[in-house]
């Protein structure tokens with residue numbers, strides 16, 4: 001065994017712990033963002049100050065200034081006129097906490113990355129990927145403000161499309177970190193039929209589409225309408241005149257409450273059916289760890305479907321809505337792991353974390 005091979009487990013472990021903690025922080029960030037949306041707190045801070053905005057108001061004068069800023073936007077004038085300073089503080093803390101967590105994640109990612117690079121602990125083939133993840137994180141901060149800005153001038157809420165982009169980008173970053181963690185583990189590949197790989201990839205792609213659709217539902221508050229199941233608007237499939245009345249037709253996919261909720265339901269049915277097929281196929285093929293992964297993915301999707309139905313029937317209580325969002329993250333995690341285990345190549349060496357140069361070893 002070479003010295004590099006002997007050192008690999010010891011050198012990989014700190015990197016994997018770091019990425020695991022970052023992934024956990026992102027998952028928490030997504031849930032805090034969900035709570036911020038559900039409590040209608042996302043527009044309480046009307047400025048974007050990436051550095052100086054780290055500190056909250058520290059005295060009465062600063063609190064009054066922040067409140068006066070909120071009073072200038074349509075949401076206050078049309079929905080919250082008469083709100084007290086105490087009520088404003090409640091929504092302010094949600095948004096401030098969400099933004100602070102974003103800053104914490106940036107620091108928790110960048111500083112250890114620089115440390116590992118300085119120590120020579122990351123192999124060249126991973127440097128570009130890790131920097132790309134950081135770049136996506138920086139972009140996510142800008143997208144977050146782009147989303148908030150959509151609700152500051154003419155709307156009483158943020159754009160549902162920008163909200164969906166913001167959430168989906170966060171989950172893409174999360175998925176990239178989960179993928180990297182799995183590859184760094186260096187587990188042996190699973191021999192499986194091409195159809196299993198195809199359905200696993202399809203499940204991951206459709207999961208991301210479904211999460212985007214769910215964000216559209218949330219942004220439009222469409223979950224507070226058509227609160228029946230399995231019927232929607234009195235039918236299994238609503239009338240075309242109700243689904244496609246806006247012009248041009250494609251606007252219905254983003255702006256029509258009925259169409260957006262119907263699309264989210266139909267995608268859920270498709271995902272559940274595909275996951276069931278994938279699990280049965282993996283079991284019949286005796287695909288080893290992939291069979292277990294397929295069963296876990298199907299179980300998580302089944303739980304997610306139940307939570308989605310309950311969230312709809314009870315008209316989006318915060319607890320159920322956040323549970324639905326949390327299980328969505330679990331589904332995405334399992335989908336990423338399933339694709340990774342089925343697409344790992346035998347011909348390639350397992351991803352390496354390089355030992356530090358002798359001069360830098362402690």
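Cβ coordinates come from backbone N, Cα and C, glycine included.
Looking up the ranges 161-181, 224-244, 245-265 in Swiss-Prot, the one annotated as transmembrane segment turns out to be 161-181. When Swiss-Prot is compared with the stretches 15-35, 36-56, the one noted as transmembrane segment is 15-35.
Candidate binding-site residues: 264, 324. Fewest other C-beta atoms within 10 angstroms, 264. Within the chain carrying the transmembrane segment (316-336), a Cβ under 8 angstroms from the stretch's Cβ atoms is held by residues 27, 30-31, 34-35, 38-39, 171, 174-175, 178-179, 182, 200, 203-204, 207-208, 211, 214, 218, 221, 223-224, 293, 296-297, 300-301, 303-304, 307-308, 310, all 6 or more beyond its ends. Most Cβ pairs under 8 Å to the transmembrane segment (161-181), among the stretches 15-35, 129-149, 200-220, belong to 129-149.
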